[in-house]
Every structure is written in C-alpha cells, then in structure tokens.
C-alpha cells in the first residue's frame, strides 16, 4: 500500500515554495522562517493508519489518517483545514480545504527520492526529499 513512503526523509531541494506559501496566504515573516527550514519527514504505517510527521527548527507537525477519510488538520502556518488523502496510482494525493479555498499536495516516489508537489491555483512548488 504505502510501504514505499515509509521512512525518514530529509529535504534536499525546494523550488517556488515562497510563491506557493504566498498564494496560500502565509504572512511574510512566517514565509521567511519556513522557507529557510530544512525539515525531515517521517512517514509510518500502523495497520490502516498512516502518520506523516514533519520536524524542523521552524515547527513540528504530525497528521495521522486513514486513506479516503476526511480529517481536521492544523497546518504549520496555523490554518485549520479539512484534509482528505487518497492513494492514486502510487501517489499520495492530499486536498486541504479552508475558507472556500483548496490546495493539493502530492507525494510520490521517483527513483530513490520522495517528491512533494504543492499546488495552489496556478502556483506549483516542488520539494525533493532523500532518505535520511
């Protein structure tokens, strides 16, 4: 199921993340601090519950969920969103909705990397992780 995602991943490259955060509505100061952070992502599976934990000097966040079931999430920039995550062709697809807005976050394996693509309206950010 999601075994290919399990493990500890470290951020190695980030493209367009500031523009993405700006489109989401993240304030200037938070964008600057978050943009400099180099988070580790720890993904684990326990039965049918998947946990994604992000650890950085900026903030630690954790979500635990079952595929296809909506859940409440407080994001690293303190947005309160409704999220749903599905597995589509080997890609974890997360949709966050809040205040009439939505953003899509896709997590996929490419070779030995984990690629995270964040899309809000016409702005796309790509963040690449390698095993830690």
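The backbone N, Cα and C atoms fix where each Cβ goes, and this holds for glycine too.
Noted in Swiss-Prot for the protein shown:
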BINDING   127, 128, 129  fatty acid binding site
MOD_RES   2  N-acetylcysteine
MOD_RES   13  phosphoserine
MOD_RES   20  phosphotyrosine
MOTIF     22-32  motif 'Nuclear localization signal'
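Taking the Cα of residue 129 (fatty acid binding site) as the reference point, the closest of the modified residues 2, 13, 20 is 13.
Apart from 127, 128, 129, the residues listed for fatty acid, the same chain places the Cβ atoms of 9, 11, 12, 13, 14, 113, 114, 115, 116, 126, 130 within 8 Å of the centroid of those Cβ atoms. Its Cβ taken as reference, residue 128 (fatty acid binding site) is surrounded by 16 other Cβ atoms within 10 Å in the chains shown.
Beyond the ends of the motif 'Nuclear localization signal' (22-32), by six or more residues, the same chain brings 77, 79, 101, 103, 120-121, 123 to within a C-beta distance below 8 angstroms of the stretch. Annotated pair residue 127 (fatty acid binding site) and residue 20 (phosphotyrosine), C-alpha to C-alpha distance, rounded: 11 Å.
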